Amino acid sequence: MGRVSSLALALLLPAVQAQQTLWGQCGGIGWTGPTNCVAGAACSTQNPYYAQCLPGTATTSTTLTTTTRVTTTTTSTTSKSSSTGSTTTTKSTGTTTTSGSSTTITSAPSGNPFSGYQLYANPYYSSEVHTLAMPSLASSLLPAASAAAKVPSFTWLDTAAKVPTMGTYLADIKAKNAAGANPPIAAQFVVYDLPDRDCAALASNGEYSIANGGVANYKKYIDAIRAQLLNYPDVHTILVIEPDSLANLVTNLNVAKCANAQSAYLECVNYALIQLNLPNVAMYIDAGHAGWLGWPANIGPAAQLFAGVYKDAGAPAALRGLATNVANYNAFSISTCPSYTSGDANCDENRYINAIAPLLKDQGWDAHFIVDTGRNGVQPTKQNAWGDWCNVIGTGFGVRPTTNTGNSLVDAFVWVKPGGESDGTSDSSSARYDAHCGYSDALQPAPEAGTWFQAYFEQLLKNANPAF
C-alpha cells in the first residue's frame, strides 16, 4: 500500500505545525499527532502502524532500510507472559517451494551444534546501533555501543518478505568461510510468522490470519526458508522456532483467539519441523521461560506438549531441543529466588531446564537447550510481577553468547532478542497497544514493537553485566 513520503507531508503541512521530538512517533495508521520532526531529525516509516523521528535528514534516514533488510514491516521480537500463583497466563513478546526427502536427515548430528563455530553478527542490528543509537549517545558510551553492535544476535524472519534476507546473510557467511573464517561462521534466525500470531496479546500481531488462508500462506513462508537453506547447504544454520506459540497452547486456551488457533499452530509448527529438517540445520522450539511454564501446574503439560510435537514430526534429527527466556529477563542461575517468583521453585532458567528435561526424556525426547541472555544482566529484575514483560525498567545486557554454560543440558547462551528494539508501544491509542507496556515497571514512552527504542538501548548499555 503506497504511503505519502515524510518529505511530501512536510511540504503540504503548515510550517507552524507542532514538531515531534527526536525518537518520537510522527506517523502511522491512526496517528493524529505531529508529523513533522524537530531540526536534525526526519520522519521514517518503520511499519504501517508506526513512523519515528530519527536522527539525520530524510536522505540519511534511509540507512534504516539497507539491502540487509528487505521490508520495513515491523520486526516483533517480544516474548511475553504473566503469572499468578502457581499458574501462568501468557501474553506473548518470490517463494520457491522445494520438497523431497533426499535432503532431510535421518540421524542426528553429533554433539552441540554451537561447538566449533563462531556466530554471525546480525548486520541489520549493527546498522541500527551505528545509524540510530550512536549519533545521539554520550561519547563515553560510544565504545560500549560499538562493542554491543558486534555481539552475534538472531535475525527475526517475522514476515515472508524478509525471507530473502536469509540469502543475503547466508551468502555473506559462505564468502567469509571460504575466505578462511576460523572457526567457521554459523547463521542464526528466528522463524516467527504463524497465522494469528501473538494470540494472547496485541503487541506483536502478525501478517497472516487463519480465517484468510493463513495456514497455506505460512507453509509457503516455510517453503521459502527451506529453499534458502538448500541454496547454502554448506552454511551451518541455527533456528529458533516460533516464540510464544506452543507455550500459549499450554496456558492460554481460555483465550478465544488461542483456542481457535490451536490446531493451526500445531499443524504449522509440524510442517516447519519436517521441512526444515536439513543436514545443515539445528532447531530449537521456543519453550517460554521459568516464569511461564516452570510453575507446578504448567511444567508437566508443557513437557507433554513439546514431546508430542517432537514425535508427531517424526523425531526430526535436526531438532536439537528447546529455547528458553527468549526476549525475557530471567536469570540463568540465581542464589536467592526473588520475591516476584514466590510459589515457583523453578525461579531461574537453570532450575526450569533441570526440571523439564527429565520429563521430556521420560517421554522419549533427550532434549538440549539454549537460553537467551541478551537482557538478563541485572538480577533480580525490577519487575513488579514476574509476568511483566514489556520494556522492563532497569535491565541490562547479559552474558555474551558462549557454550560455557556450566550445564551439560544447555548448549549455549545466546542473544535471540536484539537489545534496543521495543517490546511494544506505550501509546494507549495504538491499535497494537497492550496494557503491560503502560505498567509502572515499563520504560515509557515506548515505540511500537520491533522499532528502535533509544532510551532502552542506553539502559541496557549502562547496566550491562558484564560491562562492555
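Cβ coordinates come from backbone N, Cα and C, glycine included.
According to Swiss-Prot, the active site annotation covers Asp198.
Among the features that Swiss-Prot reports, active site, proton donor is placed at Asp244.
For Asp423, the entry in Swiss-Prot reads active site, nucleophile. The number of other Cβ atoms within 10 Å of the Cβ belonging to Asp423 (active site, nucleophile), over all protein chains shown, comes to 31.
If you look up Swiss-Prot, you'll see Cys26-Cys43 (among others) marked as disulfide bond, on the strength of similarity to another entry. Cys26 (disulfide bond) carries a strand DSSP state (E or B). For Cys26 (disulfide bond), other Cβ atoms within 10 Å of its Cβ number 26.
Mapped onto three states, the DSSP output places Cys37 (disulfide bond) in strand. The local packing around Cys37 (disulfide bond), expressed as other Cβ atoms within 10 Å of its Cβ over all shown chains, amounts to 26. The disulfide bond annotation in Swiss-Prot covers Cys37-Cys53 (among others).
What Swiss-Prot records for Cys199-Cys258 (among others) is disulfide bond, and it gives similarity to another entry as the kind of evidence. In this structure, Cys199 (disulfide bond) belongs to neither helix nor strand by DSSP; it is coil.
The feature disulfide bond is assigned by Swiss-Prot to Cys390-Cys437 (among others).
Here Swiss-Prot flags 19-54 as domain 'CBM1'.
Swiss-Prot lists 57-106 with the feature region 'Thr-rich linker'.
Under the heading region 'Disordered', Swiss-Prot lists 68-107.
When pLDDT is averaged over the region 'Catalytic' (107-468), the result is 96. Residues or ranges marked as region 'Catalytic' by Swiss-Prot: 107-468.
If you look up Swiss-Prot, you'll see 1-18 marked as signal peptide.
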Seminar exercise, completed: What remains of the active-site residues Asp198, Asp244, Asp423 once a 10 Å Cα-Cα cut-off to Cys437 (disulfide bond) is applied is Asp423
For this session: Tell me whether Cys43 (disulfide bond) sits in a helix, a strand or coil according to DSSP.
Result: strand
Seminar exercise, completed: Among the recorded positions listed as Cys43, Asp244, Cys390, Asp423, the Cα nearest the Cα of Cys37 (disulfide bond) belongs to Cys43
For this session: Have a look at the disulfide-bonded residues (Cys43, Cys199, Cys258) and report the one with the fewest Cβ neighbours inside 10 Å.
Result: Cys258
For this session: For Cys199 (disulfide bond), find which of the recorded positions Cys26, Asp244, Cys390 come within 10 Å, Cα to Cα.
Result: Asp244
Exercise. For Cys390 (disulfide bond), which of the recorded positions Cys26, Cys43, Asp198, Cys258 has the nearest Cα in space?
Worked result: Asp198
